[in-house]
Amino acid sequence: MSEAKTGTGNEKLVVEIVGAHNLMPKDGEGSSSPFVEVEFENQRLRTKVKPKDLNPIWNEKLVFHVIDVNDLRHKTLEISVYNEKRSSNSRSFLGKVRVLGSSVGREGESVVQLYTLEKRSLFSSVRGEISVKHYMTTTAENSENVRRVNGSGSSKKSKKVQNLSSSMAIQQQQQQQQQIALHNHNRGNQQQNQQNAQGQRMLPFYPNQGEIKPLVIAALPGPMPGPRPVVYSNGSSEFSLKETKPCLGGTGSGVGGLTSHKDKTSSTYDLVEQMQYLYVRIVKAKDLSVSGEVVSEVKLGNYRGVTKKVSSNSSNPEWNQVFAFSKESIQSSVVELFVKEGNKDEYTGRVWFDLSEIPTRVPPDSPLAPQWYKIENRNGGRSNGEIMVSVWFGTQADEAFAEAWHSKAGNVHIEGLSSIKSKVYLSPKLWYLRVSVIEAQDVAIIDKGSGLMRFPELSAKLQVGSQILRTAVASASPTQSFSNPYWNEDLMFVVAEPFEDCITVVVEDRLGGGALGGQNDVAVGRVQIPVSAVERRTGDTPVGSRWFSLDNGNNNNRFGSRIHLRLSLDGGYHVLDEATMYSSDVRPTAKELWKPQVGLLEIGILSATGLMPMKVRDGKCGGTADSYCVAKYGPKWVRTRTVVDSLCPKWNEQYTWEVYDPCTVVTVGVFDNARVNGNNNSQDVRIGKVRIRLSTLETGRVYTHSYPLIVLHATGVKKTGELHLAVRLSCGNAVNMLQMYALPLLPKMHYTQPLSVHMLERLRYQSLNAVAAKLSRAEPPLGREVVEYMLDHDFHVWSMRRSKANFFRLVNVISGLVAVAKLVEVMRSWIKPVYSTVFVLAVLFMVLFPELLLPCLFLYTAAVGVWRFRRRPRYPPHMDARISHAETVFPDELDEEFDTFPTSRGFDVVRMRYDRVRSIAGRVQTVVGDMASQGERVQALLSWRDPRATFLFLVFCLFAAVGFYAVPVKLTVAIFGLYYLRPPRFRRKLPSRGLSFFRRLPSRADSLL
């Protein structure tokens, strides 16, 4: 301890600056030239400058001398990031980090830590993270990336370095390194000689700085306190699509694995890799001499499967259960079957089979017939009783695969076995129910008892299941009495087959006169109508209306109150349960309106790799996942089996859908099964999903790709793994598929009787509730959280990130027009006289021969399309984190996006966000106002608001009419084109007279408060 306190000078603090991510651009050109400066105990040192890089990689080690190791926990290491301004020899602040000395570890124990850059003051503009590794060492570093400073007098030198340019600073640091190296050589010759005797040390390997970009990968999807480990990899390929070459259909070919020699299995399961299984079916037993409950056990090496318990009332128990053992994990040459009493460990009978003698079954062969086998006792002799068993080798194409107990699910709770099986679900058939509330007659008005005449505030409330809608309060009319209210409103509901609900219509009178309903609304009449009795229609032909008697609950009713309704189940609509842009089905509800299918979609869900751990199990060091896939297209949902306790699951399941429209989207999601342990109240955790638009696929081609699973959390974007799929779109009739592109996207009724956007959003929410309620009652249930994630229930919620992404998408769309405008401006500037001359000649040629304008334009467009055919995308599109602006989003924007509605944040946070929205809305308001002013100036040309301006415009119009009548059109266009493209020396910098005249016209902005 005394030696440590005095400080021998051998202790050194090594700070390894790895890299930074998502820095703030500060050079005015959308980038920065960052460098890092580290200060420790009056010692300062900086890294090299990375010009024009917001995600720099340094991989530089900075070595500092430690005077007293025991005082290190009281010291602070300050790491600052700056942007170098070469033009002014200055720098701008990008962020800083303070690291306590107590967090510094020993060499070999420390890992790369990720720190979020902090502000220097309240008005600093900072973002991004920096990755640093720091540790104590006594070993001399011999690397060109190591930079040392001397403890004495280095503070003054560092201040001088700040004022020098980058090249002079690096030169001074190199001279300082040579002095320190000479000083260390004089102090420790013996230590250097020992190192030279051992030989030259291997230099650490660092990746090429120009090829890698930093990317933060967290270990868990939730937020983690403190600094997190960081992994750096190639940013261009981390979130990209990767083509794979699996062995599909059990063959050994390349992409798709398709050859002309296929067996029976590969003819139907040719988009997945064959997985061999040993199947054991235990049907029943007879003539058993047991007194308690009977179970049968299958043992194969270390794997053991047990049947259900059968009551002892019968000597002939029946199980009829199938066990599946993966062939790749078989570690035994025999499979044994035991018959036991339920409460005993010793068996009463045994049957075994040699694996080398078990037959192989290939579908579509008929199932292997079970046979009776005599059971053996513990001594090897024959005992009373027989058991009916069938044993065979097969693949996942076997009919018994879906219902079989799998060997890898041996640790699953018995109540969770049903939740790990693969299933196919069907969405309920949804209809739009239209209720037109027209009027009511002879409604019994409630008297307040005051003796004063009052006008009743009558409204109608309709309820179908959990959906409640109200009409407006009937307005007064001179042709209608108080007891005969008139509404004439259409209300829409979503109902699912089979129709079990009723339409409850209640006429209410608002006694309190409040703005809202509730306790002040008193029912004055009620009627219930079964949904199954409502007339169905497939077009926009109106159905007949009917009068329904109202029941007010008074047996001595003197009034025959009734209500006039028009009810219909509209089958001509497509009930939207998905966002229109991600819709997988656009067919109308009525089946008689369906068009024939145009193709077949086949998806092989192969496997997933590198999944993020979602849970931690007892007895295991790392995390694990119980993952399964859900694929949704049209009304058909498929769910694969759950692969238990694996971060690289293999499913190899193939499914097929009928395609009625190629411009639709199929969605495949990956989830972690939270019901494996038997807790049915737990919610499954989303891992990621993939969308594939069918119109981007070539027919007949097998697409085998690895899709990145990208999930946006409150802590940022994360890659949670990769999903391997094989996709094929088959087309029976190419003419029918091409004809679909000329038809409307939605059914006819969406255009003849369109629904408002607000109504569609409300109906979509009700459709989601109906689908979730139906699928949650299946076995195994498909949870509501799965349905909401697959149907994108929150895509309409406000998000600053989505707003930015959509804005830049719009900018990208109009970038072509901007490029054309820039090209014309370059031609006008006559910077390249030859090109400008050719352009002028081309304009004159089009003026002289205008009939060639459109043919040349379309021919040029066709030529561009043919030229780009060679570079057409060879892979389907996938979710892009860059286009989504998920990598450059601010933490506060993510927190706002994941906030609940209504908000659950504090007052200060809500006020800050409100002020931000106000500033954005203010800019939008200014732009909208400017656009309105320009339109109003156009209207002012003939409105005589400015009489002098209108007079001048009318005079101009008269002269223009005479001039254009006398001068040919071609000559006019040619003169205008030459005038517009004249060289700059013949122009003036002031605006044109016509533009000046237009800007002087009045607008209604003067009338605004």
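The backbone N, Cα and C atoms fix where each Cβ goes, and this holds for glycine too.
The compositional bias 'Polar residues' annotation in TrEMBL covers 161-170.
TrEMBL lists 1-115 (among others) with the feature domain 'C2'.
Restricting the average to the domain 'C2' (259-373) gives a pLDDT of 81. Per TrEMBL, domain 'C2' is recorded for 259-373 (among others).
Annotation comment: TrEMBL describes 414-548 (among others) as domain 'C2'.
What TrEMBL lists as domain 'C2' is 582-707 (among others).
Under the heading region 'Disordered', TrEMBL lists 145-180.
Sequence-distant contacts of the transmembrane segment (838-867) (same chain, six or more residues past either end, CB-CB distance under 8 Å): 827, 970, 973-974, 977-978, 981. For 838-867 (among others), the entry in TrEMBL reads transmembrane segment.
Look at TrEMBL and you will find 951-981 (among others) tagged as transmembrane segment. Panel annotation: around the transmembrane segment (951-981), residues 827-828, 836, 839-840, 843-844, 847-848, 850, 941-942, 997 of the same chain, lying at least six beyond its termini, place a Cβ under 8 Å from a Cβ of the stretch.
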Is it the case that the domain 'C2' (582-707) and the domain 'C2' (259-373) have 3 or more CB pairs under 8 Å, with pairs at least 6 apart in sequence?
yes
In the domain 'C2' (414-548), how many residues does DSSP put in helix, strand and coil?
10 helix, 62 strand, 63 coil
The domain 'C2' (582-707) - residue tally per DSSP class, helix then strand then coil:
7 helix, 59 strand, 60 coil
